[in-house]
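See structure below.
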Amino acid sequence: MEADLLIYNIKKIYTPLGNCPQCGSDMENIEEIEDAYIAIKDGKILAAGKSPAAISAKEKIDAKGMIAIPGFVDPHTHLIHYGSRENEVALKLKGYCYVDILKQGGGILSTVNATRNASDDQLIEKAMKSLDIMLSHGTTTVEVKSGYGLSTEEEIRLLRLMNKLNSISLVDIVPTFLGAHSIPTEFKENSWGYVDKIINEMIPKVKEENLAEFCDVFCEDGAFDYEQSKKILEEAKKYGMKLKIHADELTQSGGGELAGILGAVSADHLEEVSEKGIELMKKAGTVGVLLPGVSYFLDRPYANARKLIEKGLAVALGTDYNPGTSPTENLQLIMSFAYIKMKMSAKEILTAVTLNAACAIDRGNEIGTIEKGKKADILLIDVPNLDYVMYHFGINHVNTVIKSKGDKAVVIGVR
């Protein structure tokens, strides 16, 4: 066996296995291989296991007793935007809720204005900085939503920029159309008029140019109600798009139930999800993407991860990186929040940010585990054990990132 790259002297590999989301107690099923190696060829994992006596490779990396885990997958971000919203924090400290700020023209709409006024180069430069931060902290694949354009022209522009970013960044980008992020100012008194615009103009144009794999809707009070969300997602499904839903974040909006009924790939947030929503999601195989960074930043209750897992749901974790409710690119910090605030175990968390996160963007057959045939997206982390990643919070534990791009594996030394 000859490899392009051999990583040897690995203290232990921790990885989930398979291509499908791990549900309930199966999230604890982590393969542990001591004194291990990983061989890579043409950007994919050729073999991984107990270190053999000898293996030939063009390039070798001595892991020096570090731990190897799959590259992190962030299944929920709003990467492409301009400006920031630190001015809103003072309002939140005074007791204003997110919906209050949204109704005053703040929140999403203020970022929409800043993004519309930014040039392509400005948006690319800002996004690339964030992608570099993500990669250095171990995120190798990221889902990116539009939603700060809220017009046909601007939404298409943002989706085109995602494709450009995917071609120039080492991080793999999975695009999601989120024209239904908020009602734009020009449709403030005619929300159904905007829904019609999404259905009759935006979705056909997105599909015509093949710009997005997923369609998402913010199903929430102050954004799109249940019937509006249902209509948009049903239309997207007719066009062959896979579905996602911002579900039950601030109120019990029925988003989880809608996700199950329509067979969405994921339902995200779920702080207020109903019992019926959980059952319908479970039957449909919908992944629940939890976003504890939002709960931290908004000082709101966290999603009940333990309940969702014990009910047999597949749970993933994401940053929800955005300028208003979760301004962080650091998935390791999110993992620590899940560990302490949502009572998830280290093994559940690893599954949630690798295989289950990959399945939440329909990439479980390509990434999310360290197995033969998967992309060589691998992290070497300088920690004594898996729990230590979450326990010693607020710092970057990643030493080296191995990132598959095309038919090559690129080695990035973080520190």
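Here the Cβ of each residue, glycine as well, is placed from N, Cα and C on the backbone.
Annotated features, as they stand in Swiss-Prot:
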type    : residues                              : note
BINDING : HIS76, HIS78, HIS246, ASP320          : Zn(2+) binding site
BINDING : HIS76, HIS78, HIS246, ASP320          : Fe(3+) binding site
BINDING : ARG85, TYR148, HIS181, GLU249, THR325 : 4-imidazolone-5-propanoate binding site
BINDING : TYR148, ASN322, GLY324                : N-formimidoyl-L-glutamate binding site
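On the structure: features taken from Swiss-Prot.
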| residue | record | Cβ contacts under 8 Å, 6 or more apart |
| --- | --- | --- |
| HIS76 | Zn(2+) binding site | GLU143, LYS145, SER266, ASP268, VAL289, LEU291, GLY318, THR319, ASP320, ALA360 |
| HIS78 | Zn(2+) binding site | VAL144, LYS145, GLY147, TYR148, LEU178, ASP320, TYR321, ASN322, PRO323 |
| ARG85 | 4-imidazolone-5-propanoate binding site | GLY106, GLY107, SER110, THR111, PRO323, GLY324, PRO327 |
| HIS181 | 4-imidazolone-5-propanoate binding site | ILE108, LYS145, SER146, GLY147, TYR148, LEU150, PHE218, ALA223 |
| HIS246 | Zn(2+) binding site | ASP216, VAL217, PHE218, CYS219, GLU220, ALA223, GLY255, ASP268, HIS269 |
| GLU249 | 4-imidazolone-5-propanoate binding site | GLU220, GLY255, HIS269, LEU270, GLU271, GLU272, VAL294 |
| THR325 | 4-imidazolone-5-propanoate binding site | TYR98, GLY293, VAL294, PHE297, LEU298 |
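For the Zn(2+) site, the Cβ centre of HIS76, HIS78, HIS246, ASP320 serves as reference, and the other residues of the chain with Cβ at most 8 Å from it are THR77, LYS145, ASP268, HIS269, LEU291, GLY318, TYR321, ASN322, SER326.
Among the binding-site residues ASP320, GLY324, the residue whose Cβ has the fewest other Cβ atoms within 10 Å is GLY324. In sequence order, HIS78, HIS81, ARG85, GLY107, ILE108, THR111, GLY147, PRO323, THR325 are the residues of the same chain, not among TYR148, ASN322, GLY324, whose CB sits within 8 A of the CB centroid for the N-formimidoyl-L-glutamate site. Fewest other C-beta atoms within 10 Å: among the binding-site residues TYR148, ASN322, that description fits ASN322.
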